[in-house]
C-alpha cells in the first residue's frame, strides 16, 4: 500500500493500494474452457456424434445429456478440442442470435438444487455461493449423484491466480508490485476464513451428511470452479452452473453481452420447466468455435483472477485509485457528509483504464479530499447543497497543484514496486512463455502503462495551472466584478 501523506494541512490521505477490496468477490458471469487432466480413450464409450479424439469422459458426459433428452444429433454445437482446451464447435452454419443450446433447470446446480437436497436445511443460512460450493463437493463424493458424469469432467484447477500458490510461490512472485497480487492474497484469506467458519458450524456438527472429508484445498477447488464457470445476473438466478453450456469460451471479437443467454419458461408433456437458452452473438461457419463475451466491463486483472486468462485488448488494462478522507482531518465530518450526500463515502475506488478518460467524479473527490487552508470556507453549511458542483471545476491553484503533485508522487512510488520495467516486459512478451507467466507479464505491464498514463495526465495538468480558472475568479465574474481581461473592477463613489 502506498500512502500519500502531506496532502493538505487537514491531513487527508490518498491511497494507491494494490486492489484488495472484495466488492466484486462473487459476481462471475461465467467461466473458461475445460482442461481435462488425463485424456482416456475407451472406444466402447465413444459417441458417434463427437470427435473420437475427445477424452472418454466427454463422450460419457455427452451420452448422459442425450439420455436426458437435452442433446441429439441435430444439436447445433458440440464439444470439441480447441486452443483453450475444450469448447463448443458449430456443426453447421449458425446465424447470429440463433439458439445453440438449451438446458432444463433440473440439470442446473444452483441454490434451489441445494435447498431441495439432503443438506438443504443445514445450508439455509449460508451465503449462496458457499451453499453451492458445499453442495458441489458433496455431490462430487457421491457415486449416485445426478451430476456424476458432469463432475467427472471438471478440471482440478484453472490458470486463475487463486490456484497459483498450489504449484509454487515463484509463480505468485511474478506478480510482485501488482494490485492483482494483493487482491489474490486477499481472496485467499477470505476463502480460508469462510471455510474455517463453515467447517466449525456446518460440516463437523453434521458428519452424517458429509461422510467424506472436505479439506481447505477442496473448498478452494469449489470456489474456483464457481468463480470461473457459474452464470449470474439471470432472471431469478444469481448463481448457477449449467452443464455443457459452460464449455463456451470467451472472445474479444464479441463486443457485447446482449442476448447471449436468457432463462425462459417451457411447457413439457406433463410439467412446466425453465430452460437456460444460449445464443450465438456472432454468425458462425460450420467447424468454427462458438464464443461469447464473458464480461465487457472487467479489467484484465479481474479476468485473470476469475478465469485465468487476459484479453489482448489494451483498454482492458486498469489500475484502481483509492481515495480516503482521513479520520484525523479536522474537517472529516464535513467532508464525509458531502461525500455521502453525493453517493460516495469515506473511501472511494476509481478504476482507471488504459486509453480511457478519468472516471467521472474522480477529480471532484480528489478536490474534496485535498480541500483545506483558505479554501475550507467551501465546507461551510451554506455551500452544502452546491459544493459538489463547485468541485467539478478547479477550486484554487494551491488545491489543484497539491492534487497534481501528490498523484505524481504516488505513481512514481507505485512504479518502483514492480520488479521489472515496461521495456523488460516487452522483451519477455516476445518469447514463448508459460501461460501463467504470460498472464503475469501482461498484468504488470498493463498496470505500469496505466500508472504512466495517470502520471502524464497530472503532469500535463500541472503545466496548465496558470491558465486554469479558479473558484474566486468564477465567482467574481458571476457578480460582474471581473472584466473580460479578468481584471478586478472597482467603482469609485460619486
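Quick reminder: no glycine exception, Cβ is built from N, Cα and C everywhere.
Note that the structure is a prediction, hence the values are computed from the model and not measured.
The annotation domain 'SET' is assigned in TrEMBL to 68-295.
The S-adenosyl-L-methionine binding site annotation in TrEMBL covers 84, 85, 86, 229, 249, 250.
Taken from TrEMBL, the feature substrate binding site covers 229, 233, 246, 261, 294, 307.
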Work out how many Å separate residue 250 (S-adenosyl-L-methionine binding site) and residue 307 (substrate binding site) at their Cα atoms, rounded off.
10
How big is the gap, in Å, between the Cα of residue 249 (S-adenosyl-L-methionine binding site) and that of residue 307 (substrate binding site), rounded to a whole number?
10
If you average per-residue pLDDT over the domain 'SET' (68-295), what number do you get?
92
Nearest of the binding-site residues (246, 261, 294, 307) to residue 229 (S-adenosyl-L-methionine binding site), judged by Cα-Cα distance:
246
Across the record's S-adenosyl-L-methionine-binding residues 84, 85, 86, 229, 249, 250, the largest CA-CA distance in angstrom?
14
